[in-house]
Amino acid sequence: MTKPIILTGDRPTGKLHIGHYVGSLKNRVLLQEEDKYDMFVFLADQQALTDHAKDPQTIVESIGNVALDYLAVGLDPNKSTIFIQSQIPELAELSMYYMNLVSLARLERNPTVKTEISQKGFGESIPTGFLVYPIAQAADITAFKANYVPVGTDQKPMIEQTREIVRSFNNAYNCDVLVEPEGIYPENERAGRLPGLDGNAKMSKSLNNGIYLADDADTLRKKVMSMYTDPDHIRVEDPGKIEGNMVFHYLDVFGRPEDAQEIADMKERYQRGGLGDVKTKRYLLEILERELGPIRERRIEFAKDMGEVYNMIQKGSERAREVAGQTLSEVKGAMGLHYFN
């Protein structure tokens, strides 16, 4: 019996951080190990170029780092197909066919695109590739006939746009070639949108407010000890706030069930007064090191042979291209574009 297909991936614009880990990577590994799905995981370098077109080297260099992060967290090339988007030219051809099914006005109404255009400050100079990348995402998803796409809740409009394209294509050509995907969204919204160490809503390289999977133990310690807490909690005996306190936010996200009572007790003591920030940060450091230490060690081991890392990705890309090629052939057949025997 054919397994349901999952497609997921990341833009390779730098090393991945713990926001990526709790928001998607950890769940991908769980889904992989269930062995109920055929999983495709891709490095979306073409999508990253939509706002890094003049700095492609950043993307190229990031491919290796993101691949290391994938392997370190437990994604296994023998269980999941890991590939590079630009190595699958069939995706670009699918995008071209789908563009004829989507109006410019519809693209401009996409809430996710509108938000990202505002955040990136494009003004009137919006790259065409950026505006149409929801169509490229639809090509990525449909090329592998993905049944499920794990994404953050902010990506719901993208999934809906893909579903619209699938319906438009199948209706226009009276076929059922394309599969309508469903989004898989984080159950823990706090994990799905992990804020930065400084309390900023976004953890990012540009803001220098993230913990990266590649960070060594000393770097992790320094970052945790510098985290934003309650600025009015000056003395240990002062009552403190846990709302907006990044240490407690991270404890809620990374704590395991067996940690729940200790975390609850710490919250009560902190709010009452009598618990200092240094102690809460040290406790968080223990919990993070428990989670990230093994990942760090695996990453170091994989990094010793980057040739083998790229070999794994090449094999995955070859398999992905075979699958995408079959879908493209079916799409062209439905459109009547097979001219020769």
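Each residue, glycine too, has its Cβ placed from N, Cα and C.
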Residue in Leu30, Leu194 which Swiss-Prot records at the ATP site where Arg11, Pro12, Thr13, Gly19, His20, Gly152, Thr153, Asp154, Lys202, Met203, Ser204, Lys205, Ser206 also bind | Leu194
DSSP puts the residues of the motif ''HIGH' region' (12-20) at 3 helix, 1 strand, 5 coil
Short question: which residues 6 or more past the ends of the motif ''KMSKS' region' (202-206) have a Cβ under 8 Å from it?
-> 13-15, 17-19, 194-196
If you count the C-beta atoms lying within 10 Å of each candidate's C-beta, which of the binding-site residues Leu194, Met203 ends up with the smallest number?
-> Met203
Where does Lys205 (ATP binding site) sit in the DSSP three-state scheme?
-> coil
Of all the binding-site residues here, Thr13, Thr153, which one's CB has the most other CB atoms within 10 A?
-> Thr13
